[in-house]
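Student: One structure, pasted below without further comment.
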C-alpha cells in the first residue's frame, strides 16, 4: 500500500514538473510571434538573402510596421530569437542585415540579425 502511494506521489510530481516546463515554453503574453516577424521581413528577402543592392520598396514600410509593435524587452527578445533562427535557416547576408535598421530608420526593432546573437542580452 505504501509503495502504491509513493508511486502516485512521484507520478504527480513528475506531471507537475512536465506541465511547468511546457508552460514555461509558451511565449510571454504580448510578445510578437515569429509568424509576425517573418511576414514583416518577407518583403526584404531579395535584399537580405538575394543580390538586390537595396531593399525593395515594400521592405522598409513593412519593417517600420513591425517596429511600431515592439513595445518592451520581451518583444525585442522574441524578434531576436525569430531572426536568429531565420538567419540560420535562410543564409541571411549578415552585412546587409546589419544595415537594414539604419536603412529603414527603425528604433525599437534595432536587434541584431545573426545566428550567433545571445537574445537574452537584448533589451
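Each residue, glycine too, has its Cβ placed from N, Cα and C.
Annotation source Swiss-Prot lists disulfide bond at 34-82, 44-59, 60-104, 80-119, citing similarity to another entry. Swiss-Prot lists 1-25 with the feature signal peptide.
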Student: If we check Cα distances from residue 82 (disulfide bond), which of the disulfide-bonded residues 44, 59, 104, 119 wins as closest?
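Tutor: Smallest Cα separation from residue 82 (disulfide bond) among 44, 59, 104, 119: 119.
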Student: Near residue 44 (disulfide bond), which disulfide-bonded residues out of 34, 60, 119 have their CA within 10 Å?
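Tutor: Within 10 Å Cα-Cα: 60.
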Student: Out of 59, 80, 82, 119, which of the disulfide-bonded residues is least crowded by other Cβ atoms within 10 Å?
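Tutor: Among the disulfide-bonded residues 59, 80, 82, 119, the sparsest Cβ neighbourhood within 10 Å belongs to 119.
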Student: Any same-chain residues 6+ apart from residue 34 (disulfide bond) with CB under 8 Å of its CB? Would you list them in sequence order, or say none?
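Tutor: Once residues fewer than 6 apart are set aside, residue 34 (disulfide bond) is near 78, 81, 82, 85, 86.
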Student: Highest Cβ count within 10 Å among the disulfide-bonded residues 44, 104: which residue is it?
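Tutor: Buried the deepest by this measure is 44.
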Student: Looking only at DSSP and grouping its letters into three states, which state does residue 82 (disulfide bond) belong to?
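Tutor: The three-state answer is helix.
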